[in-house]
Amino acid sequence: MTQAATRPTAEIGNEDILAVARRQVLEGGQGLSRDQVLQVLRLPDDRLDDLLALAHEVRMRWCGPEVEVEGIISLKTGGCPEDCHFCSQSGLFASPVRSARLDIPSLVEAAKQTAKSGATEFCIVAAVRGPDERLLAQVAAGIEAVRNEVEINIACSLGMLTAEQVEQLAEMGVHRYNHNLETARSFFPNVVTTHTWEERWDTLSMVRDAGMEVCCGGILGMGETLEQRAEFAAELAELGPDEVPLNFLNPRPGTPFGDLEVMPATEALKSVAAFRLALPRTMLRFAGGREITLGDLGAKKGILGGINAVIVGNYLTTLGRPAESDLELLDDLQMPLKGLNASL
């Protein structure tokens, strides 16, 4: 059953939405509906601190104090045939990113460094529509090599999959599969035209049926309306993923979204809290774009406003916060790292 299955959808009337959320989400464990999330997103900025405090209470009650740390690595960079308008790895745009592949020894070394940071999850990513036989063989070899030398969970993000490929990855022992819906179904055609939102959903359904954990989130600040952001939260709640990574658009030169403005920090924090109230039991991960959108102070507020997982180090084509900075912040906030056994 997804977190949206039994939630009410009626309007609340004149009752304060945070009072409703305290009763419904914090005390009752039921995520907010689409209409309720929209009310949260429309709250004035002077309610932000109250909103973040409630989202933190919800996270602590339904997820606990632990924070999961993950590192990611690009096995194949650039040259992607898809036209995701935010992505500098598309071969269709005049971006500075060039196609490259990582060798297995470098992959193993990256996994070792990730584990040293305290991370329990190592995600192997490839810029493709979906994996071909050559890439799957390389992934299989990489997973085996990492397993021989590093104690860490292995996740993959390899685009859209066939049923056979899903089974192959499950047999390789992939712990979690990431495939982001990216945005609301109604806004998706403004972001991608070379495949559909439904194709992504189908891959996620097969991943769940195969017994792997589902990781699915998206990018906020791509021009979607608040209504569409609330729609996206409700769609994720219907899917019921184990993890939702929240990215914020970091406009990349040469892409169709390269000239968009960065989301205001207050709007980003409000969105983090709203997604926590829609998904009270889900792992909510700070992902790409938080550095440019929120800065150091915003990162702290986000972790105290519903976030319970982070990506440490760099992202696929952009720089992230140093792992030490995130780990020091978590230590200062007295938030323990999730151990490997708890992640298995």
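Every residue, even glycine, has its Cβ placed from backbone N, Cα and C.
Pulled from Swiss-Prot, these are the features on record:
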- C80, C84, C87: [4Fe-4S] cluster binding site (BINDING)
- C123, C156, C215, R285: [2Fe-2S] cluster binding site (BINDING)
- 65-290: domain 'Radical SAM core' (DOMAIN)
Within the same chain, and leaving aside C123, C156, C215, R285, name every residue whose CB is within 8 angstroms of the centroid of the CB atoms belonging to the recorded [2Fe-2S] cluster site, in sequence order. E70, I72, E121, A155, S157, R176, Y177, N178, E243, P245
C156 ([2Fe-2S] cluster binding site), number of other Cβ atoms within 10 Å: 28
Among C84, C123, C215, which are binding-site residues, the residue with the most C-beta atoms within 10 angstroms of its C-beta: C215
DSSP three-state call for R285 ([2Fe-2S] cluster binding site): helix, strand or coil? strand
DSSP secondary structure for C87 ([4Fe-4S] cluster binding site), reduced to helix/strand/coil, please. coil
Around the Cβ of C87 ([4Fe-4S] cluster binding site), how many other Cβ atoms lie within 10 Å? Please give the count over every shown protein chain. 25
Taking the Cβ of R285 ([2Fe-2S] cluster binding site) as the reference point, list residues of the same chain whose Cβ is under 8 angstroms away and which are at least six residues distant in sequence. E68, E70, G217, E243, V244, P245, L246, I307, N308, A309, V310, I311
Distance, C156 ([2Fe-2S] cluster binding site) to C87 ([4Fe-4S] cluster binding site) (CA atoms, angstrom): 18
